[in-house]
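Q: Pulled these features from Swiss-Prot for this protein:
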BINDING   26, 27, 28, 29, 30, 76, 153, 208, 323  substrate binding site
SITE      76  site 'Transition state stabilizer'
C-alpha cells in the first residue's frame, strides 16, 4: 500500500498527501548542541563525514530530536573528489581547500572515472543503515554537487567571491572546461545511482554556484550537465524523485524547469506563488522559508510557514528552508520550524 511509504516520498512522487512533508537543508549541523559536542571530539570534517559510524550518528541527530519527514546523508558535495584523484580538505571557518587546483588539460585527462563502491563504501553503508533505522517514518535522501559547482571548487581551489578563475577558463578555454564538466556529469550520475541502490529514496543535486552565471552562460556551462546527470540517473532509476537546488536562482528559474528534474528547490528570494507561476504544473517545489527567519520568534516562523504553504497549495510541495539552516540559529527555533510545519494544516485548513 502506498500509504505505508514515507510521507516525503509520496509527496515527491506527486501523490496527494495530508500535509506537505518537512525537512531542512543542513538539518544536521552546528546549530545543534549534540553536533557541536561530537565535533569537539572529532574535529576533522572529513572524519565526521567519512567514518560511517560518525556520519550515521550525525545524520540521525535531527531525526531523534525533531522527527523530520526526511533524513539526509551527512556528507559533503566534495566527498566524491578523491575517488576521481582530487584531494581536498575542509578547514573550519575557511571551507573547502583543494590541494592541487585543476587548471590544465593534462590534469583533466588524468582524472579517474568514479567507482563509488570502491572509493566511498562508507556512503553506501550509512544510507543502508539509515533506511533500516527510520523505516517508513521518514524518507532517506541522498545528494550530490552538480558539475558546474564541483568544477568551480576544483578550478578555483577554494570558495570564491567572484569566480574569476573558472570564468577565465570558461571564456578563454571553454573546451577544457567542457571536458571537466562532462567528466563530472558522468561520475556524479554514477554516484547518484550508487546512493539510490544503497538506500536513498529521494535525491537532490546542489548547483550552489550556478546562480553566479548569466542566463546564457547557465545554458552553456550548467544546464546541459545538470540535464546529463538527470538523464543518466533516470535511465536506470526513473521512479526516484530528483530535486535541483541553486542558490540565487531567480534569473534562471524557468531554465531549471527544463533540466528534467521533478522538483525545484526555491531559495527565499523568490516568492513562492511567483515561483510556481514560472514553472510548469508537473514540476513540484521545495522550500522556501528564509533561514534568517529562524533567528526570529516562533510566531514569525509559524506565520511565514503558513504563508508559504498557502501559496504552494494545490502543487507538489516539500516544506524546507530556502538555503541551509545558518550556524548560530537557536536550536529551539529549529524545533519550532518542524513543529509549525507538521501542524500547518491545522491552522490554514485542508485543501
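From the backbone N, Cα and C atoms, a Cβ is placed for every residue, glycine too.
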Q: From the Cα of residue 76 (site 'Transition state stabilizer') across to the Cα of residue 323 (substrate binding site), what is the distance in angstrom?
A: 15
Q: What's the CA-CA gap between residue 153 (substrate binding site) and residue 76 (site 'Transition state stabilizer') in angstrom, rounded?
A: 12
Q: Taking the Cβ of each of the binding-site residues and counting other Cβ atoms inside 10 Å, which one has the highest number: 26, 30, 323?
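A: Going through 26, 30, 323 one by one, the largest Cβ count within 10 Å is at 323.
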Q: What number of additional C-beta atoms lies within 10 angstroms of the C-beta atom of residue 153 (substrate binding site)?
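A: The answer is 26.
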Q: Under a three-state reduction of DSSP output, how is residue 30 (substrate binding site) classified: helix, strand, or coil?
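A: Where residue 30 (substrate binding site) sits, the three-state DSSP reduction gives coil.
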Q: Greatest CA-CA distance (Å) over the residues 26, 27, 28, 29, 30, 76, 153, 208, 323 that the record ties to substrate?
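A: Taking every pair among 26, 27, 28, 29, 30, 76, 153, 208, 323, the longest Cα gap is 23 Å.
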